Amino acid sequence: MAPTLATAHRRRWWMACTAVVENLLFSAVLLGWGSLLIMLKSEGFYSYLCTEPENVTNVTVGATAEPEHEEVSRMNGWLSCKAQDEMLNLAFTVGSFLLSAITLPLGIVMDKYGPRKLRLLGSACFAVSCLLIAYGASNPNSLSVLIFIALALNGFGGMCMTFTSLTLPNMFGDLRSTFIALMIGSYASSAVTFPGVKVIYDFGASFIVILVVWAGCSGLVFLNCFFNWPLEPFPGPEDMDYTVKIKFSWLGFDHKITGKQFYKQVTTVGRRLSVGSSMRSAKEQAALQEGHKLCLSTVDLEVKCQPDATAAPSFMHSVFSPILLLSLVTMCVTQLRLIFYMGAMNNILQFLVSGDQAVVSLYTSIFGVLQLLCLLTAPVIGYIMDWRLKECEDASEEPEEKDANPGEKKKKRDRQIQKITNATRAFAFTNLLLVGFGVTCLIPNLPLQILSFILHTIVRGFIHSAVGGLYAAVYPSTQFGSLTGLQSLISALFALLQQPLFLAMMGPLQGDPLWVNVGLLVVSMLGFCLPLYLICYRRQLERQLERKREDDKLFLKLNGSSNQEAFV
């Protein structure tokens, strides 16, 4: 039986810790494609596309066919060639596309029904994907096509795990961006899982046995979700900010009543006790003229709450807002840059070392180990997003408390402006690192690629954490899943360009990634548009805040108080 929200809140630390481990081992493991590619080629997936070059063993140096046949090699007794690389890279493209594109329907479903069912489905799909890869490895000459279905299920299941874990930070208040970054860090660090599996594989463990055990471990994720995750969506922090701090355990429930729920109750009671049948402003004026000192209806409450209702933008308004559109540009460019490098990394390394497979395997393992940096670096960007938020004025603060300490109120920062300032710094820093990564990719030096690995890992953890923190700061929590899913879908569609870029590198450019990297470096400059706009947006908010303060001063002079409350 599913636990209640109150029970889940008491278990939030257990759920957060297990979610980090589960994301690390079962979410976006497909990002460790470099190591998986070596194991798939060693197991013979699509090896039948390669032709044995026995009839041209003694071809002279001047023969035109020799370069084509030199690309055929053997891995663990199976043939390996360019045609095999292109087919497996296509499978990776499909899987990585679903890893991001599926988030839009997932977000819509999760916003409506909560994360529990999606997480159960995701863990089941991950287990099935492992079993399909194991089954395909039993007879690769006939079952290699299963890798497409397996990677698609792997991407879908992994994103279900990742996306549902992003709702957990709602239970941690002002630390939400930090916990979002931690979840995304574990998601990004899951690229270390396949390199870890490859180490076990290199020690002689059976590839099929490894995958079967992995599928069984996914069942533990299913059980953990079944016993600990509630059916209801986790309430957003904006609801918790307006919590009425009274526990109604004597009424049979121990959770707090949110501001929205409290307003609904007040509205219902007020309408029942209202002396009139009309709730319009005319009735309000009549009540005032009759000299009523106590207004039991909620006319004034509704009038005063109208600005708050209009302040919450509609979904379409959020979709076409400049912040979302510019974040889409930033994510599309960054996602294409990162996905292309992951998909083509083995071939880029082979170009640098002239085909030495041992060196390629070593550097692939180094890349995999460095993915653990995401667990350390992703919370950094979350900390930047949460910087000084505790020093900001609380919108849910009682008016009496604000009047009691006017001097202290002046010293506090505006929360919305501080969030925008933090997001500006986060995106500017992330894009600087992305440009630095593009520069290191242009230099054909093998040891320097370790720096490229580090920058790639940091940027991958930073960009998702920054976007998640920005959406959590700017948009309502009820739209967080849908907007994040829309962003992931569009960036995944744009990242499909990595397949033609890969074909161009392997074909006309003969394996040289220079010109592809130059083009991607130029395009990555578009990422600076978002922080520049956020600077302008922050100045606009500062001007609005100044006008509001001037209005408050005027209201104070006229009424003797700055509190603009409903008449009761």
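From the backbone N, Cα and C atoms, a Cβ is placed for every residue, glycine too.
Here the structure is a predicted model, which means the values were calculated and not measured.
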Selected residue, Swiss-Prot feature N-linked glycosylation site, from candidates Asn58, Asn422: Asn58
Of the residue ranges 230-250, 461-481, the one that Swiss-Prot records as transmembrane segment: 461-481
Leading stretch by Cβ pairs under 8 Å, where the reference is the transmembrane segment (180-200) and the options are 143-163, 365-385, 434-454, 461-481: 365-385
Cβ neighbour count within 10 Å of Asn559 (N-linked glycosylation site): 10
Criterion met for the transmembrane segment (313-333) and the transmembrane segment (489-509) (at least three Cβ pairs under 8 Å): yes
